[in-house]
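Here's what Swiss-Prot has on this protein:
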type: MOD_RES; residues: 74; note: N6-acetyllysine
type: BINDING; residues: 564, 568, 666, 670; note: Zn(2+) binding site
């Protein structure tokens with residue numbers, strides 16, 4: 001019996017654990033501190049800084065099963081998903097890594113043992129082919145002489161992409177930096193399937209399938225293109241779980257493995273589909289994986305960046321459900337089956353199941369309102385189409401008005417053999433982006449581009465001032481040896497008490513000083529293992545190697561500590577009051593306020609906000625000690641410590657505890673005891689995205705300031721109402737009741753005045769061919785009273801045509817009334833349209849009553865004067 005996908009995943013990790021590798025958990029799909037990546041798309045992403053030498057781990061061998069998404073930017077597989085055997089938006093990448101430990105020999109031997117040993121995957125050796133980089137003789141000889149693969153199944157691949165080292169078998173992290181040759185392992189499905197070996201003209205067939213890529217990072221590519229050997233070569237490998245599962249389960253398509261068969265059956269059940277070969281089932285089965293795990297990792301549907309990619313995937317799935325005949329919301333119902341089929345890899349998702357389901361359901365309901373109208377519009381446009389290409393402007397209008405991502409439009413068009421002018425769509429999108437950029441004035445921070453090779457030791461938990469040495473200086477992102485007074489720069493020290501922004505806590509401010517210089521620090525940021533002090537040299541000069549005294553702004557740090565500790569208390573309180581589905585989705589902790597984004601599907605009730613406040617203040621009054629302990633990550637999680645959204649943790653973590661009330665992983669700075677916080681007050685609660693709420697709160701002196709401000713406002717209101725704060729509510733109720741009574745009396749007076757005005761107006765009506773015509777401009781009459789006056793006049797005059805107008809704040813209001821017996825000859829809508837056009841407006845209504853507005857008050861007299869002639873012509 002073949003292994004299940006879950007068993008294959010576990011076997012891979014167990015094998016490499018037996019070879020001395022640290023099993024490292026999958027990192028978030030949202031890359032930590034890497035602006036170059038939209039989503040995690042490879043196993044090595046979380047180790048990128050280790051390979052670059054900017055980060056160090058307490059292990060030199062690692063193995064992972066990394067969750068990945070490829071559905072935006074460079075790696076965009078979305079349009080092919082569901083229509084090919086191996087394209088997915090979400091996949092798991094099995095990998096083993098060596099950080100300056102073993103190299104080619106062991107990497108190849110490990111791979112061969114896992115794939116062919118009877119104890120592990122037991123693949124037939126004669127079915128395996130390998131490729132190596134053309135000049136990588138070392139790898140070639142290991143495969144041939146040590147492993148024993150015949151020469152005819154070892155293929156050298158040269159530079160096949162038009163440049164030196166541009167090859168399918170040469171891997172590069174970027175234009176510069178670590179790179180090296182790779183060897184790939186292929187599985188031959190047999191001659192009953194079309195396709196040729198890698199490097200042959202038929203290589204795109206499905207017979208030979210790549211199952212493992214092993215990268216040997218042995219060079220550092222320089223800006224001039226030269227390759228320098230790395231002092232400690234490393235290994236990065238990747239094997240798609242779905243691909244190897246297909247091989248081990250003896251199927252040719254990833255969608256036929258046990259995991260997808262189970263999901264496809266679940267999709268059929270919730271949509272009512274009966275044909276299990278329908279491609280839409282495959283699309284939805286794939287998309288629920290990416291959508292559920294993206295939401296669990298903190299991405300919410302929106303119209304920008306990662307949120308927009310998520311929205312595109314959800315809407316594509318919903319549209320395919322619509323094609324299958326789904327009559328109600330269905331997508332969210334697949335989260336449960338997904339958790340079941342993922343096994344141990346779905347534990348994080350299971351903890352957030354309710355939240356993920358609610359976000360998916362809300363998004364589907366919102367899109368369902370526009371899906372039908374959008375599809376109808378698309379059908380109309382396609383019916384009018386004379387050629388085979390839908391223009392980009394129409395595709396953009398569908399996106400802009402109905403929320404149709406262009407790939408969804410392309411899906412519909414592809415089913416009818418119609419192309420989409422994607423260049424035209426992109427031009428319209430770029431124009432919209434240009435307008436948005438001009439409106440926002442957003443610009444990139446050059447400091448984010450700094451690369452620092454040195455490391456800084458943070459000593460700010462125990463010190464607010466200490467002596468350090470300048471190890472690097474940067475101006476405009478470039479390393480310099482010295483700076484002078486007036487220059488803005490980033491200063492890196494060997495050790496520092498300054499906290500660099502992390503975990504939502506802002507960076508410290510303060511001063512770096514010496515006998516002849518003073519550098520004002522306005523912010524502190526991390527650059528790999530270095531801590532950069534960002535600011536301006538106020539006086540003197542500063543150079544690399546200088547000794548400095550680093551002084552943190554103590555008062556500011558103290559306020560930040562209170563706010564950060566209060567954030568932990570509030571997080572725990574929210575989970576008690578609202579439920580354990582609450583998890584942090586983002587935060588900001590500075591010296592003035594704390595801001596906390598969390599998962600919750602509705603606005604908090606006032607009484608819930610009060611209970612959270614009371615809970616936090618109760619812990620403050622308990623004056624609990626705030627304790628920190630360093631422990632293994634897994635031990636901390638077992639203890640129940642909550643992790644911060646988006647943070648990356650080492651194997652040894654800092655655990656912060658406040659009695660039995662709160663335990664979290666945190667590297668930030670905190671108060672010594674909860675009592676130091678003094679007072680906690682929530683000042684606002686609002687929504688930021690579907691399923692995400694935001695609380696802003698203040699502590700200590702800031703909270704006391706808000707209490708005083710509230711008291712001052714109450715006193716001012718009490719003074720205005722000639723009362724005191726003790727009976728203020730009664731006073732306000734009394735004023736409101738009196739106001740309602742006066743408004744009622746005023747309305748009655750207005751109606752009486754209108755009735756009197758109507759009586760006066762009736763005498764001004766003239767006879768036009770047996771019909772009474774009344775045309776008048778009224779002053780001092782509210783526009784909303786015109787309708788009442790027309791009704792009164794129609795009752796008084798019998799067969800009649802009435803046009804009334806008034807001007808308020810430069811705007812013209814018009815109304816026309818026609819008695820029923822005259823509407824066969826004169827229609828109020830046509831009449832009011834004729835008048836409105838002359839005063840720069842438009843309007844309409846029923847044959848017997850119509851209203852309009854206009855902007856040209858000066859033209860009103862002439863417009864009203866034209867009514868008699870127009871009516872006379874109609875009544876002849």
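If you go along the chain as it appears here, the first residue is 1 and each next one adds 1.
Cβ coordinates are placed from backbone N, Cα and C, and glycine is handled just like the others.
Taking the centroid of the Cβ atoms of 564, 568, 666, 670 as the Zn(2+) site, the other same-chain residues with Cβ within 8 Å of it are 561, 565, 567, 626, 656, 664, 668, 669.
Long-range Cβ contacts of residue 564 (Zn(2+) binding site) within its own chain (separation 6+, distance under 8 Å): 505, 589, 594, 666, 668, 669, 670.
Counting Cβ atoms from all protein chains shown, residue 670 (Zn(2+) binding site) has 25 others lying within 10 Å of its own Cβ. Taking a C-beta cut-off of under 8 angstroms and a sequence separation of 6 or more, residue 568 (Zn(2+) binding site) has the following same-chain neighbours: 656, 658, 662, 664, 666, 670.
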